[in-house]
Every structure is written in C-alpha cells, then in structure tokens.
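Visitor: So TrEMBL lists these for the protein:
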- 22-42: transmembrane segment (TRANSMEM)
- 54-78: transmembrane segment (TRANSMEM)
- 98-119: transmembrane segment (TRANSMEM)
- 140-160: transmembrane segment (TRANSMEM)
- 211-231: transmembrane segment (TRANSMEM)
- 256-284: transmembrane segment (TRANSMEM)
- 290-310: transmembrane segment (TRANSMEM)
Amino acid sequence: MAAFYDEDNFYQNFNNSYFGDVNFYISGVISLVFNVILIYVVSKVKGYKAQVKLSMNLMALLRILFSLSIALTCPSILYSRRASSLYIMKNGINFPNAIGHTFLALFVSFMVMSCNGPAIQYIQVSNMLSFSYGKVHRHISIIPVFVAITSLALIFFGYVPPFYTIRISSLVRRILEQEGDTPYLIITVRLTYDETNTSNTFQLLSQTCTLFILITMFFSIITVILCTVYIQKQMKIRFIASSNSKKSQEQLNKALLLQFILPFITIHIPFYIVVVLPFFGIAWRNFADRIFFLFCWCPAINPILVILLVKKIRKELFTCENGKKSQAQTRSIALVISL
C-alpha cells in the first residue's frame, strides 16, 4: 500500500452514499459543542475540588478526541466471507496512510474505553459504600489506563496491516484500484487457526485483539451486575428508608444505569453484530453497515446526560440557585457520572 495519499482523491467514499459521513459529522459537532459546554460549566461550579474538575475535564476531552477520530476517518465496514476477514475502511478526507491508520486505531481504542467506563463507575460507587474506601481507591484508576494501553498495542499489531506482505480480499484490492488507496484495519473473523495462510502470525494477533476486546466487554457487563447487587445490599445496611442519603444514592443509581445503557446500545450491540456474528458465518451486511453508525453517538450523548443528571452542573448552566444538597455528596456524584 502506498505511503502517501493521492492528491486527485481529496475526499473518498466507499459506501456509495454520504449518509454515514453526514451522521459522523453531525454527531461530532454535537459532541464538540456539549463537551466544551460541560468543560466551561464545570470550571465555573463552586465547591468542586481541583481533582474533580480535572477528572471531569479530562473525560470530556477524551470524548472530544473519540468524536474527532470518528469524524476524521468516517469508518465503514466491508466483509469478505471468502477471506474470513472484516475490513474497517477509512472514508472522508484523504490522509497519508500512517496518519489514517493511527486515527483508525484510536477510534477502536476509544470504543473499548467507552465500554469499560460504566464498569469503572460502578466499581467506584461500590468502593464509596464499602468500609475500605481509602485502601483501593487509588488502584481503580489503574484499570482504564491498563485497558487503553493494552487495547491500543493489540490494535496496532493485530488490526493495522503489517509492513510485510499479507493476503487481502480480492474485493478490497479491486475497490482500492478503482477508488484509490486508503488506510484500513483487518479483523480476522474465524474461530480456527489457518496454518496454511502465509499471514498466520497477523491472523493470530488479530484474533487475540478481538478476544481481548470481547473479554473487556463481558467483564464490564458482569462487573455492572455484581456491583448493582452489592450497592443495593449496602444501601439496606447503611441508609434509613426515608433518609436524604438514600434518596441521593437512588438518584446516583439511576444515573449509573443510564450511563451503562448508553454504551451498551451504541457500542456493545453494534460490535456483537458487526464483529462477533461473522465468526459464526452470520453477516448481515446492509444492517451491520447501518448499525455501525451508532458508535459515534456515545461521546455525543454522554455529556448531555451528565448535564441533565448532575444537579449542580445543570443549575450552573441555567443560572439557577444552588440546591441544598451537600457539596460532598454532589462532588461524588459528579465525579462518578463523568468518568
């Protein structure tokens, strides 16, 4: 594959439709606007500690970068049943391949981080309700860093086409010859290991990367379920039935549930349909290509939920009077929801 882009193909589209590109750009603008608003409002809210503001602003910045990686790649999928491979093709403005591959890798990595986020939120709340809050609080922040670094490394070695020659789908080669060169990721979608394939090392790394992403997603779901049970148990022990603390915790539980449902609908389900089902020979090509467009809405809707669910931020945004809720409880809710 060529190292530099073709100047004659400034804008590429492999879908025969600009619906996906428009969808990515609209969601990107919404994500940028509301995450910037969130950063501004958080900086104006009184009573938040510096580390709380820093954490919320970093999460908003990561969401902006997630949307930016999507807008700059406008990814589309192409499934080759014969090659047992799924190709994530870059559309949109043409870049040198090295830059395009980097943005595609970041897109998948941010996707994994978004799936991991709700589990971290539930772990934090469970830790807040436990009797060993100070002991394990610092170790929780290591989890998303580990997942991000590991997923990014596996993506670069398992999805990004290597420097050595590998066999790719004849359909992909034909499209590249007709439409021009473009960066793409290759996901091997077979359960077995093909020893006769000259690119079997890359194939094994691709399967390992997909397995890691699936394990991360499954552990996220299991963690949310276990933490929900634990939180309900601790609420019965710690709070009186009509106490304000219990009402605040119930509000937080509802917020956490919505924060889990969002990436589950926009990332988990599309990933299972687009990537997992082809492992079993099921490829709903047209439907998979459409549901793939949901990925971009997770970072766009997330800041809107934060603004609506965190009372202190909502009041600051609409210049209303501050509520009577204690600052300590509000800080905890804001920090957990924003992560």
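Glycine is treated like the rest: Cβ placed from N, Cα and C.
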Visitor: So, does the transmembrane segment (140-160) come close enough to the transmembrane segment (256-284) to give 3+ Cβ pairs below 8 Å, pairs being at least 6 apart in sequence?
Guide: no
Visitor: Under 8 angstroms, Cβ to Cβ: which one of 140-160, 211-231, 290-310 has the largest number of such pairs with the transmembrane segment (54-78)?
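Guide: Stretch with the highest Cβ contact count: 290-310.
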